[in-house]
Amino acid sequence: MPSLPLLLRLWAASSYSFPVIQDGLQKNVKTVWKYLENYYNLGKNMQAKNVNGKEVMAEKLRQMQQLFGLKVTGNSDPETLRAMKKPRCGVPDVAPYAITHNNPRWTKTHLTYSILNYTPYLSKAVVEDAIARAFRVWSDVTPLTFQRVFEEEGDIVLSFHRGDHGDLYTFDGSKYHFAHAFLPGLGLGGNVHYDLDQKWTDNNEDFNLFYVTAHELGHSLGLSHSNDEEALMFPSYTWSNKDFVLNQDDINRIQALYGPSPNPIQLTDATLDPCNSGLTFDAIITYRGEVIFFKDRFYIRVISFLPEPLIDVIDLTWPNLPGKFDAAYEVSGVDELRFFKGSKVWAVQEQNVLEGFPMDIQSFFGFPSNVTNIDAAVCEEETGKTYFFVDHMYWRYDENTRSMDPGYPRLIAEDFPGIDYKVDDVIQKEDNFYFFHQSIQYRFNLKTRRIDDSSDINTWFNC
């Protein structure tokens, strides 16, 4: 059976009130009729003016009211009309379309995805991050794993289109139809299409790309709509700028298809309390404007537009990395991360360890044989020079020439006055290096070459 397209639409109701059907008033009955035709399988050949048509319409209204948790009257009463006016997903809510035939699901647990193109309203990094977070919504609670691929089409292809784009479901630039997806299967199966003309955002305005993608991927994995208004898969589109948590109803339904995660996340672990004043970290990095703190098997993300940090599991994002890193840093300008443990280095792009890694730090960077681990590392944005801190010394590496600068190692305290202790971690933000020692951070101004502030690490978490 071919995949049924799952259209995500907004149905804008008229600004004036709809008449009650039983009153026989016809002024706006076509709008109600169209809504029920789109989402409740109301027969296109039915006529609202016929007695049978009125009865069928009333029955469809009762179905809609029951799903939305409204008073079941069969009338287009004000509460029902308000629900109809809300932005919503265009996937039909009743059989035969919403109850997918034989519960289509993927027959494998490792799925790939590819991003074909981008919206002009967000940077590539923000788009990629939103999509990756949307996939993690589902991988966190199932055995499913998702990996982005670049050289070929993934099992799930995400793309932005304008107008007629070849799947019979034309975008028109209006807010009534801004994305659609397809059920699991071959060909278009699982794919997600976005309207290129819409304003996609990472906040509460217009359409939040993360939230829409997470909802659409629920359909791509085989889910229909939920009658739990707090669920991600509830028909109405709502988003608030807060730390997203998947509803238990969504978890139960996706696990009915694929089973639970073999490594369930325990977010109550004491190590995950960001406001613990004594909390220390294995490694700290900047990445695409975020600050990421690694601790045991978890990491904490600080994102400027979110009021609270996000907590995730390292293995779910980077499954091929070792746990408990010694150090890590972002290579400026190339969208690459490097992680260190012992005398090994792993180079990573997206979720993938690059070919040939891990490598010995001696052969890759040119460290002497007596350097067997790295305490901290940071790549200076303006110069492309990476600073490696080991005990009381530091080395400087040129990322452009891929060689150590002559004259190193040097004493940390000599070139960074006031930093006279072991450096646990270091990052750069604007014109400052932030040096971390135990649970304290020191802000070192690169222009004045002085420490100008110190504070607890948990100030990053709005504690």
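Glycine is treated like the rest: Cβ placed from N, Cα and C.
Quick look at what Swiss-Prot annotates:
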BINDING   ASP172, GLY173, ASP195  Ca(2+) 3 binding site
DISULFID  CYS275-CYS463  disulfide bond
REPEAT    278-321  repeat 'Hemopexin 1'
REPEAT    322-368  repeat 'Hemopexin 2'
REPEAT    371-419  repeat 'Hemopexin 3'
REPEAT    420-463  repeat 'Hemopexin 4'
SIGNAL    1-17  signal peptide
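Annotation for the disulfide-bonded residues CYS275, CYS463: lowest Cβ count within 10 Å of the residue's own Cβ, CYS275. Under the DSSP three-state reduction, ASP172 (Ca(2+) 3 binding site) is assigned to coil, being neither helix nor strand. Taking the C-alpha positions, the distance from ASP172 (Ca(2+) 3 binding site) to CYS463 (disulfide bond) comes to 46 Å. Distant neighbours of the repeat 'Hemopexin 4' (420-463): 274-281, 283-286, 291, 293, 300, 302, 307-309, 327, 375-381, 387, 389, 391-392, 412-413; these residues of the same chain sit at least 6 beyond its ends, with a Cβ under 8 Å from one of its Cβ atoms. Ranked by Cβ neighbours within 10 A across all protein chains shown, the binding-site residues ASP172, ASP195 are led by ASP195. CYS463 (disulfide bond) sits 39 Å from ASP195 (Ca(2+) 3 binding site), counting Cα to Cα. CYS275 (disulfide bond) is 41 Å away from ASP195 (Ca(2+) 3 binding site) when you measure Cα to Cα. Those residues of the chain, other than ASP172, GLY173, ASP195, with a C-beta within 8 angstroms of the mean position of the Ca(2+) 3 site C-beta atoms are ARG162, GLY163, PHE171, SER174, HIS177, PHE178, ASP197, GLN198. Same-chain residues at least 6 positions away in sequence with a Cβ under 8 Å from that of GLY173 (Ca(2+) 3 binding site) are, in sequence order, ARG162, GLY163, ASP195, ASP197, GLN198.
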